[in-house]
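> Below is a structure I'd like to ask you about.
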Amino acid sequence: LGRMKPVIVVHGGAGRIFKEREEGCRAGVVRAALRGYSVLKQGGSAVDAVEEAVRSMEDDPHFNAGCGSVLNEKGEVEMDAIIMDGKNLDSGAVSAVKCIANPIKLARLVMEKTKHMLLTDHGAHLFAQAMGIPEIPGEKLITERSRERWKKNLEPDSNPEEFQKDLGTVGAVAIDSEGNVACATSTGGLSNKLIGRVGDTACIGSGGYADNHSGATSTTGHGESIMKVVLARLILYHMEQGMSPEVAADTALDYMKTRVGGLGGVIVVNKAGEWAARFSTKQMSWATVKDDNLHYGIYPGEKHIKSVDEAVASERRGF
């Protein structure tokens, strides 16, 4: 069997990216893609690569995941995450978790150390303790920006819906040199959401799906709309019918828009290593590495290309 050329694709969330955050979002997805790719280049698995890429974005306050997550109605951070291995359809997810830096790590432990697929809230917290995951004070995850926005949304004449356009779920998909695919998605959810709200991210088939027989996808956007159409699985279904990643993604996003009025974005890789990053929102930060070339963008039709060596060098200089 010819070895696959590894590919990684990441997104930093679909929505509206405000000018002052553009640079940081671009740099953040590029960093995550380079980190994931370096795992693949060293012979690491697709699962290792997507976890590493997502962890990098959870630690970056520019994104609505891990540190930088938005706050619920009570002013707390509650996070959701999922990871899936396309080899055997194993998956692990956590929802409504608090006080840990990297929900994606916990999701992977759920996948590998339990017979279950999804642990929530208090149970997820007990499991994290049992696994020796350090607890951090909730305030450590809260940025000035999240708190400001939470306050604005509490004002009587505010419209939280307006703010939801700036979503910032993070995700990654990859194929490794063995031809195995994986996906990972992580989020702080919706600003000022009800306590205990779980969106698409933690739900298999909605926030992400990976199957070696067809490919892998990670989604971002309006969670409730994504759940209604089971967006991630829908894209893979279209690829099973012979569509390219790009056409499958556009077809599914179009259906979500016409059927339930929902906007979002997706990243996809198929079993042949072809990829796509598509969105129906104004923007989505994304980056891909394939054949030692880095591609990245934020606006529709925008695509920068750099060699990985050049990108890694400018990373070291701090962009």
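Yeah, the Cβs are placed from backbone N, Cα and C, and that goes for glycine too.
The shown structure was predicted, so the numbers you read here are calculated from the model rather than taken from an experiment.
Found this in TrEMBL, in case it helps:
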- Thr169: active site, nucleophile (ACT_SITE)
- Arg197, Val198, Gly199, Asp200, Thr220, Gly221, His222, Gly223: substrate binding site (BINDING)
> Listing them in sequence order, which of the binding-site residues Val198, Gly199, Thr220, Gly221 have their Cα within 10 Å of that of Thr169 (active site, nucleophile)?
Thr220, Gly221
> Which one is it: of the binding-site residues Arg197, His222, which Cβ has the fewest other Cβ atoms within 10 Å in this structure?
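Relative to the other binding-site residues in Arg197, His222, Arg197 has the fewest Cβ atoms within 10 Å.
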> I'd like the Cβ neighbour count for Gly221 (substrate binding site), meaning other Cβ atoms within 10 Å of its Cβ, all protein chains included.
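For Gly221 (substrate binding site), the count of other Cβ atoms within 10 Å is 28.
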> Name the residues of the same chain, 6+ apart in sequence, whose Cβ is under 8 Å from the Cβ of Gly223 (substrate binding site)?
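Spatial neighbours, sequence-distant, of Gly223 (substrate binding site): Gly189, Leu190, Gly199, Asp200, Thr201, Ser206, Gly207.
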> Compile a sequence-ordered list of residues in the same chain as Val198 (substrate binding site), six or more apart from it, whose Cβ lies below 8 A from its Cβ; state 'none' when nothing qualifies.
Asp80, Ser95, Ala96, Thr120, Gly189
> What number of additional C-beta atoms lies within 10 angstroms of the C-beta atom of the residue listed as 'active site, nucleophile'?
32
> What number of additional C-beta atoms lies within 10 angstroms of the C-beta atom of Gly199 (substrate binding site)?
24
> 10 Å Cβ neighbour count around Asp200 (substrate binding site)?
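30, counting other Cβ atoms within 10 Å of Asp200 (substrate binding site).
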